[in-house]
């Protein structure tokens, strides 16, 4: 039987442990929260299925594509069209091309972001090169598609959606470590 | 609110004798008392540990203050005059970290150690050995933190809020030590908080109900709960940083699928309650001092308790008001704007209660009262600027400018720091048996008030006019404001030497104080002799609650 | 109530108006967009509400302090509770807050509406400069602080726009809605122009949005607002707002200039030409970290003068400049500088400060590497 002081300490320590765990739990919770609300223009990082819904031909939405290279990866990401006009509900395919300009094989990843952030809730990516890491041999060029659909319930005041892809290197040993240490953060991105 | 006990009553259960030098001989203690440094290293006495905390925090207040003066000296005139931008960033960062974690927080813990057992009639803290451990962690933590300044690449230079990725991918190599020292300081705070909760919940004098406790005890109880709830979150965040830096994870690195904004959410989930950790005990102190010198019971005791509790609850729901410009969705911005504005309500209640306590009192202006009154006025001004900052659209203009610097220094310097000084002047007679010098105390007070306002008031203007914070050099239109701020900072800084002088003088001698050093003081601590003997309330006092 | 508000903001204009005409402001600028003026009004309204509350609260306080002094023989009363007043001073502030929240919400909703923009500008924060790209127009450039080092160290007299001047300002049209897409290459920065009431963090890997519709032509200045490392204080923003037709003409000229520069890659450049151009580029891009004398500030920013790795390996040198070094402060300049600038700056740092390798890297070589 614990005395009252021990009981207080025991309870405090329980709260303590719970809050420490909560801090780590916030990492996946935040991801979920972002996907639901579209904070930060985070996009679902898994493929979604195409929903066949009637195309809303009464309005056009301009979709822009921007590709950027981060530091440390001598790659180029090209997009065949910088801008397309689509109807909500209409499935669209756009080709992107990765080129490794260096003399050695490298792994990289294109990290997606969408603006305005609330639009990410209405963006359904059926297939995207950004779901996976890419590995390119020296000088290799790979074409990869993005298949997406803007849902019909896209708010009326959104008439431009900008998708940005930033290239980042994936270090070999880092990639392995991520798989081990932080499945919640690094692994699924 | 608590009844005063006649002095002879308390003398009965005080079986110790104290000499003027502070050397104490305890009749009951059968173990040989270690002497010299070992006595302080091994002490488990709440009063001695309280003194250790207070001395430590005073030293750190000066170290943090010197860093601030280096910053202000650089900003005295436009141009890079004294230090390079890299060192400037280290100074602003270290100033913030030291003042928050090593000066203000330990000072409040020291006051809690000294006064909570005395105010609730307990013989000591509930866990005396843990108490010793949690103090001695602090010098270790902050020696480590200060030593990073000498490491290659310098100390932390990313601001006390250490936003990733500036504090991870782009940080100096010493960052791992910064994280370690923060971990140690965090453990110390958590252990201190657990001890305080255990003491307050279990060791009150028989007959003292929760709603009979002095407000300082109440505010500290709530503060301790906040500490237990959010320090682990800080520990979590810095652990994630550590893993990002050393183990290749990507919690906050977009390259690996992480998110820098997540860092800010986690940090401010800790950081905003942390802000209230630094102000709630101050509310308790002011709520003790104002009734004493107005010679009138605190107005609205119960509403004070409820207001403190609601501020604590709200503090968990407002964190993203620090992040209005990171690109939150509209709905989130609105939510955090409304909750933040709501905090003005319980805070207002507190201010109204203090002023109503003054109304139709019988007021005198001893030094502790002067500091407490300055607290009410200047803290309220900080509250007003806080309300302005809560208005999200306007915050897009205020954010990360000197207006914010002015705001949080108004709540932390004439807020938290003044309340600590008020507490020191108020309780020094109890600690040393002597009154602090009234003349020197008034010099200290007036120079501090003038210095603080000269330093921080112009920052409102430079901020509104467009000066961003954390810059080592500035455009010419901000020169006048910065000149005044720097002069004020040096005035404030050097006035604190008077404070040290007052304390040393008071420890060494002065006008003898009776058990009840202030004629309007009511709480239990005034029933034991001055200076308070090493062991008090070994038999619980006879506590008779005031009828509400 | 509305009359009172108008009165208050009127007073506000008086309060700020006197100083606004000058650079020596001490209040928030009214600014040059509808939103900035609205935010200013909101700011002043809340300021005056706070002043009024302050006068009442401090009035009662100082009255009490004066009137109920013991030295004047005041005897303390005994009341210490009153539920009615407690309810009143909880409810009244609540009502005042609701009054503040209503206009604040309305303004916020307008700020968040970036739809129907006529021009998109991508703003990228980098340690320590801004990069502007006019989307769909093939115009992009870096904007560096142009205040000379000698002014900062005090060897030279400081100019009127000390620390708030750049080599190439962002040029925008008035009366058109311009959408900003903001991101960063390294750490978080924050793009802030007070006259537009636009402040938005730029976050590496993520994109943020904001917008502006400027009402008056002019030159507007701002600064980076988020601590971003060593030279955070030295990455100003200058926006040159032009009449619409003037802007269209500028855009055409800017495109032509970019094309002309692109032509430069086909010819062989002389060493002197490369060194001259390289010194320029080095001064505006590289010197903030690696220092004008190539000494660097190790360990974060390695020195280039006498750097054996650099002297020995020209391919490695070009690779680092083009692609950056992952996990360090060295960014990739492949898309930030054009081939001529890249060739020139590499040539310069291989031959300046006694490095004397004699290598002249030609723009054509860079073009080859970039394709």
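Note that Cβ sites are derived from N, Cα and C of the backbone, with glycine treated the same way.
Annotation source TrEMBL lists compositional bias 'Basic residues' at B:1-11.
As annotated by TrEMBL, region 'Disordered' applies to B:1-30.
In the predicted model, residues of the domain 'Cytochrome oxidase subunit I profile' (B:40-544) average a pLDDT of 94. Here TrEMBL flags B:40-544 as domain 'Cytochrome oxidase subunit I profile'.
Annotation source TrEMBL lists transmembrane segment at B:52-73 (among others).
Long-range neighbours of the transmembrane segment (B:93-114) within the same chain, counting only residues 6 or more positions beyond its ends whose Cβ lies under 8 Å from a Cβ of the stretch, are 46-47, 49-54, 56-58, 60-61, 63-64, 67-68, 71, 125, 131, 138, 141-142, 145-146, 149, 155-162, 182, 185, 189, 192, 196, 216, 220, 223, 274, 277-278, 281-282, 285, 412, 416-417, 420, 423, 427, 431. For B:93-114 (among others), the entry in TrEMBL reads transmembrane segment.
Beyond the ends of the transmembrane segment (B:135-155), by six or more residues, the same chain brings 41, 49, 52-53, 56, 60, 63, 86-87, 90, 93-94, 97-98, 101-102, 106, 172-174, 177-178, 180-182, 184-185, 187-188, 191-192 to within a C-beta distance below 8 angstroms of the stretch. According to TrEMBL, the feature transmembrane segment maps to B:135-155 (among others).
Annotated transmembrane segment per TrEMBL: B:175-203 (among others), in sequence order. Here the transmembrane segment (B:175-203) has long-range neighbours at 97, 101-102, 105, 109, 112, 116-117, 120, 122-123, 125-127, 130-131, 133-135, 137-138, 140-142, 144-145, 147-148, 151, 155-156, 162, 167-168, 213, 217, 220-221, 223-225, 227-228, 231-232, 234-235, 238-239, 241-242, 245-246, meaning same-chain residues at least 6 beyond its ends whose C-beta is under 8 angstroms from one of its own.
The feature transmembrane segment is assigned by TrEMBL to B:215-243 (among others). Below 8 angstroms of C-beta separation, residues 108, 111-112, 115-116, 119-120, 162, 164, 167-168, 175-176, 179, 182-183, 186, 189-190, 192-194, 196-197, 200-201, 249, 251-252, 263, 266-267, 269-270, 273-274, 276-277, 280-285, 287-288, 298, 301, 304-305, 308-309, 312, 315-316 of the same chain, each at least six residues beyond the ends of the transmembrane segment (B:215-243), sit close to that stretch.
Sequence annotations record features per position, and here TrEMBL assigns transmembrane segment to B:275-294 (among others).
Long-range neighbours of the transmembrane segment (B:301-320) within the same chain, counting only residues 6 or more positions beyond its ends whose Cβ lies under 8 Å from a Cβ of the stretch, are 1, 211, 215, 218-219, 222-223, 225-226, 229, 265, 268-269, 271-273, 275-276, 280, 283, 287, 328, 332-333, 336, 339-340, 342-343, 346-347, 349-350, 353, 548. According to TrEMBL, the transmembrane segment annotation covers B:301-320 (among others).
Residues or ranges marked as transmembrane segment by TrEMBL: B:326-349 (among others).
Summarising the annotation, TrEMBL assigns transmembrane segment to B:370-392 (among others). Beyond the transmembrane segment (B:370-392), the same-chain residues lying 6 or more positions past its ends with a Cβ under 8 Å from any Cβ of the stretch are 279, 282, 285-286, 289-290, 293, 321, 324, 333-334, 336-337, 340-341, 343-344, 347-348, 351, 354-355, 398-399, 403-404, 406-411, 414-415, 418-419, 421-422, 425, 442, 445, 449, 452-453, 460.
As annotated by TrEMBL, transmembrane segment applies to B:404-428 (among others). Counting residues 6+ beyond its ends, the transmembrane segment (B:404-428) has Cβ neighbours under 8 Å at 54, 61, 99, 104, 107-108, 111, 114-115, 275, 278-279, 281-283, 285-286, 288-289, 292, 366-369, 371-372, 374-375, 378-379, 381-383, 385-386, 389, 398, 434-436, 441, 444, 448-449, 452, 455-457, 459-460, 463, 469, 492, 499, 502-503, 506, 518, 525 in the same chain.
The transmembrane segment annotation in TrEMBL covers B:440-461 (among others).
Annotated transmembrane segment per TrEMBL: B:481-504 (among others), in sequence order. Below 8 angstroms of C-beta separation, residues 58, 61-62, 65-66, 68-69, 72-73, 75-78, 402, 413, 421, 424-425, 428, 436-437, 440-441, 443-444, 447-448, 450-456, 458-459, 461-462, 465, 467, 474 of the same chain, each at least six residues beyond the ends of the transmembrane segment (B:481-504), sit close to that stretch.
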